[in-house]
Amino acid sequence: MAEYIKYRVPARGVSATKGVAELIEKAEEDGVKTAWHRLLEQQPQCAFGQLGLCCRNCNMGPCRIDPFGSGPTKGVCGAGADTIVARNLLRMIAAGAAAHSDHARDVAEVFKGVAEGRLQYYRLTDVEKLKSLAETLGISTENKDEHEIARELAEVLEGEFGKPGDEPLRMLALAPKKRIKVWEKAGVIPRAIDREICECMHRTHIGVDADPVSLLLHGIRTSIADGWSGSMMATYLSDILFGTPKPIKAEANLGVLKEDYVNIIVHGHNPILSTKIVEVAMSEEMQELAKKYGAKGVNVAGMCCTGNEVLMRLGVPIAGNFLMQELAVITGAVEAIIVDYQCIMPAIVDVAQCYHTKVITTEPKAHIPGAIHIEFNAEKADEIAKEIVRIAIENYPNRPRDRVHIPKHKIEAIAGFSVEAILEALGGTLEPLINALRDGTIKGIVGIVGCNNPKVRHNHSHVTIAKELIKRDVLVVGTGCWSIAAAMDGLMSPKAVDLAGPGLKKVCETLNIPPCLHMGSCVDCSRILIALGALAEALGVDIPDLPAAGSAPEWMSEKAVSIGTYFVASGVFTHLGVVPPVMGSQKVAKILTEDVEDIVGGKFYVEPDPVKAAETIYNVIIEKRKKLGWPL
Ligand code: XCC
Ligand code: SF4
């Protein structure tokens, strides 16, 4: 079903990643629209929405506040710009925290099933990590077998979501003591994940919380529940179930798709599904089946964060990040795209209809009209994974051979830098890193995270900021779609040390690591928190004192809002490269970019220009070094 392309995309200009432009051009030839085309059709986008000034929270509305003050300054209920903007932001944080934490809940359920011996297809892989988490949470591990420990841990973690009472979240035991004090003083210690998210919805209902300060403080509380418990749990339990990542070589970009293989893409976020698909697809049985259908075998590639999960642990090649999901289908060479949840554009079904690709949804909470729905269930994981992989293989003969175009670009990357792996590279202690920071060989550390957004040039800010920082001897770590962008640009290959400043280069060469470290998926931003916490504690300071910063250059999702907020709440200076919808309230903008620093030690900084942003981030790092009395 080719569509009429009303607005053409300047394909050569919209992406910094090789292979993207040729596929956008192919899309237009094939009569297929992409997110870039739909963004053009959306112009001009609603200015009230951009400023955060529209409210639909009750049916006396929708209400809009006139940003110039000549029209209405209050909604029907009397809510003004400050209230409306803060409420809208709080709802974004709630949705983001919900997505991360509900993902964690799904992993926790499988973990519990394994602990109880109910799930034969999953097992406890990293028992060390299991024990260390249990002990941190006050569960004694003495004289207990691993399943017993896991059962007790599962029970505590289950409580994180909805435990009654006002006791703090148990996972906060992973946070530095100095942070806890700061949060206590600010009154933002989270009690239970679901409770904080639920309270966001309550507070933003018509006629509840109207004070922007109080609303935003609850946003901070909710984000802490995400970062230090929900996302943290997803990371820990995925490591316990599937193994803690270690440095591993893999390839990145659309060129990882193979002309004469059955190509399967795993897309979404939860490793419970993707790991199984990879395992089953690589089995002798499925490889043989593929040969029966005329292919040389089965090739699985990742997309977005679940791609990061299998990249980091299994070395599965990654085909691209968020804005490349449609392009993968447009190659005409993908037999099936298997998805769970988050960041799956409903559009992939429309795009798939123009080729032969089957879109297979697997989650009860994420159906897409037009997709094949095969519900995944951990109890029958292997059987269901086989059924899904078989559909892909049987679809191989339907590939439209005359319309296949796989860009040839792919590049080697080293991924898998969990905190444990970084420590190992350092020889088991933080000392060498601390010394390098202290004497100025490395100036600082920046975590870059987040999505793609067609409003800005695809992957351009991601790689520009990273390059600008490493050249100034700043070590860059990161997750999510940033890490895929960096990998596709070669920044995670050992050769990238040539782009680093002399100090960072020396350190990377000694440790045999690239200057940009892939720390995982969106939920693995929790790894960055752990790393910063450990550094701060080792130095006897608090996170805001560290020469460190965060950046989300091309963010778009509500999850990114939650991540940005918990970075700030954790004391990190956090850059946003796409303006958030808060500019309709000077007060809210000022709280987020100035006042919040006095409360939690971190703050937001908004700058669309990646070169300027990198300069400012670097200057902030230098300021922090000055305060520590370290050489500049
Ligand atoms: Fe989604 Fe995690 Fe954003 Fe990428 S980075 S677009 S949220 S896949 Ni987390
Ligand atoms: Fe309008 Fe107030 Fe209702 Fe929002 S809550 S739609 S501002 S009346």
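We count from 1, first residue shown onward.
The backbone N, Cα and C atoms fix where each Cβ goes, glycine too.
Predicted, not measured: the structure shown is a model, and the values here were computed from it.
Look at TrEMBL and you will find CYS46, CYS54 tagged as [4Fe-4S] cluster 1 binding site. DSSP classifies CYS54 ([4Fe-4S] cluster 1 binding site) as strand under the three-state reduction.
TrEMBL lists CYS55, CYS58, CYS63, CYS77 with the feature [4Fe-4S] cluster 2 binding site. Here CYS77 ([4Fe-4S] cluster 2 binding site) comes close to CYS58, MET60, CYS63, ILE206, GLY207: these same-chain residues lie at least six apart in sequence, with C-beta atoms under 8 angstroms from its C-beta.
Residues annotated as [Ni-4Fe-4S] cluster binding site in TrEMBL: HIS269, CYS305, CYS343, CYS451, CYS481, CYS522. In the three-state DSSP reading, CYS305 ([Ni-4Fe-4S] cluster binding site) counts as helix.
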**Item:** CYS46 ([4Fe-4S] cluster 1 binding site), number of other Cβ atoms within 10 Å
**Value:** 11
**Request:** Might you list, by sequence position, any residue in that chain lying six or more from CYS343 ([Ni-4Fe-4S] cluster binding site) with a Cβ less than 8 Å away from its Cβ?
**Result:** HIS267, GLY268, HIS269, CYS304, CYS305, PHE322, GLN325, CYS451, SER557
**Message:** Using Cβ atoms only, which residues of the same chain lie under 8 Å from CYS481 ([Ni-4Fe-4S] cluster binding site) while being at least 6 residues apart in sequence?
**Reply:** CYS304, CYS305, ASN321, PHE322, GLY450, CYS451, ASN452, HIS462, GLU554
**Prompt:** When the Cβ positions of the binding-site residues CYS63, HIS269, CYS481 are compared with the atoms of ligand 2, which fall under 6 Å?
**Reply:** CYS63
**Prompt:** Going through the binding-site residues CYS55, CYS58, CYS63, CYS77 in sequence order, which have a CB under 6 Å from an atom of ligand 1?
**Reply:** none
**Prompt:** Who sits close to CYS522 ([Ni-4Fe-4S] cluster binding site): which same-chain residues at least 6 apart have their Cβ under 8 Å from its Cβ?
**Reply:** HIS100, SER231, HIS269, CYS305, GLN342, VAL449, THR479, GLY480, LYS559, ALA560, ILE563
**Prompt:** Counting other Cβ atoms within 10 Å of each Cβ, which of the binding-site residues CYS54, CYS55, CYS58, CYS63, CYS305 scores lowest?
**Reply:** CYS58
